[in-house]
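A.B. asks: Would you mind keeping the following structure in view while I ask a few things?
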Amino acid sequence: MTELRKRGGGGGDPDSTDNISDKEADVDDRLGTDGECDGDSKADTPDVPLSTADTDNTPQYLNKALEGLPPRWKNYWIRGVLSLAMISGFFLIIYMGPVALILIVMTVQIKCFQEIITIGYRVYHSYELPWFRTLSWYFLICVNYFFYGETLADYFGALVQREEPLQFLSRYHRFISFALYLAGFCMFVLSLVKKHYRLQFYMFAWTHVTLLIVVTQSHLVIQNLFEGKIWFIVPISIVICNDIMAYLFGFFFGRTPLIKLSPKKTWEGFIGGYFATVIFGFILAYLLSQFQYFVCPVGFNSETNSFTVECEPSDIFVMQEYRLPAGLQNILSWKTVNLYPFQIHSVFLSSFGSLIGPFGGFFASGFKRAFKIKDFANTIPGHGGIMDRFDCQYLMATFTHVYIASFIRGPNPSKVLQQLLMLQPEQQLGIFHTLHSHLRERGMLPPAPAAQAE
């Protein structure tokens, strides 16, 4: 394709927008648009400067303590120590409550966005074109404004009703969000530079795909949290468990390569991680289902201006008796077993997290191979960047959200009540009379007393 451009480029006006400069043709080669399908060829990969992800930032005290060990075992201990530290921090944040969880999700989202955008910026920056990074962060702000505004209207209706500025923002939220996006869109069009149009549109698409992958899916994590902390903790823990157990099984027993995109992954690790994760998820579901703090949807108390987790647990968090199939009865000598229904749901969550979730990691591996980088960043020694740890989490969060919407969620009385409170008094009164008549017709309320004869 590059040769065709060279042959056909001699007869036109060099300043015409129909012609592509040699510099932009070089960008096509570096961004992999030649049409060649060999993922390892030099033409497919951008010749970007060395990333900080390729440097070792392991703390000196840890390097000193592990010096003398073979590289394989040194990496094993570094990953292990840092994994324990991150898991401990995760439990601490859970203890701190919903606000801390929302803030940490936002922080992770911003860091993941920064890591991906930085990779694109290293390609873009070499051409000294304006506004790419500025517009990327502007679009991040716009998308977050839209999503968090939707969450505020859905879950904090009573608070919105009390504050007049919030009422205005809530009523025109989508229009304001669209206007903010249009402003960024117009700024992008104004930033277009002659002879670099194609590269700029690459970067525009880069930003939007990053927003789709990172921001949209991280918003689903928060949506899951509001359904109950158990829907936040269990999926995340499943991915963490699968990552650890697949690594351990692969480290000690791995012999058979699983996929070329990630040469260190093995079938032994993949299969061992699956069974270990299903067992872990089943036990964790049993433990958490016993506590109201984990199973109740996160609500907002307008009187105390604080989050609440008090409710009557739904049926999936109430112990039920199940009759075993005849074959299992003969093997186990049990006819029935007592389980929380959520434990059965955890098997499906664990299966997805173990069998499909890793494809999020394979996708990330392919992305990194395309740009010849080892990790997205070097934020966490032995692990890489934040995005390296959350590539599977985002896919898992999306599945959990879809699973809840398809098989779990029913009408939410608190949301209905919040929407009623946003209506005018006359509308509220009309709904009250309609509901009152409907309940009388169904026999759930006593009939109206007969009018006294004059």
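Cβ atoms here come from the backbone N, Cα and C positions, even for glycine.
TrEMBL lists these features:
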| type | residues | note |
| --- | --- | --- |
| COMPBIAS | 20-45 | compositional bias 'Basic and acidic residues' |
| REGION | 1-56 | region 'Disordered' |
| TRANSMEM | 76-108 | transmembrane segment |
| TRANSMEM | 129-148 | transmembrane segment |
| TRANSMEM | 175-193 | transmembrane segment |
| TRANSMEM | 205-226 | transmembrane segment |
| TRANSMEM | 232-254 | transmembrane segment |
| TRANSMEM | 266-288 | transmembrane segment |
| TRANSMEM | 342-364 | transmembrane segment |
A.B. asks: Please determine whether the transmembrane segment (205-226) and the transmembrane segment (266-288) are in contact (criterion: at least three Cβ-Cβ distances under 8 Å, sequence separation 6 or more).
C.D. replies: no
A.B. asks: Under an 8 Å Cβ to Cβ limit, what residues of the same chain, 6 or more beyond the ends of the transmembrane segment (175-193), are close to it?
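C.D. replies: For the transmembrane segment (175-193), the far contacts come to 129-131, 135, 138-139, 141-142, 145-146, 149, 169, 200, 204.
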A.B. asks: Same chain, outside the transmembrane segment (266-288) by at least 6, Cβ under 8 Å from its Cβ: which residues?
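C.D. replies: Sequence-remote neighbours of the transmembrane segment (266-288) are 230, 233-234, 237-238, 241-243, 245-251, 253-258, 294-295, 339-340, 342-343, 345-347, 349-351, 353-355, 358.
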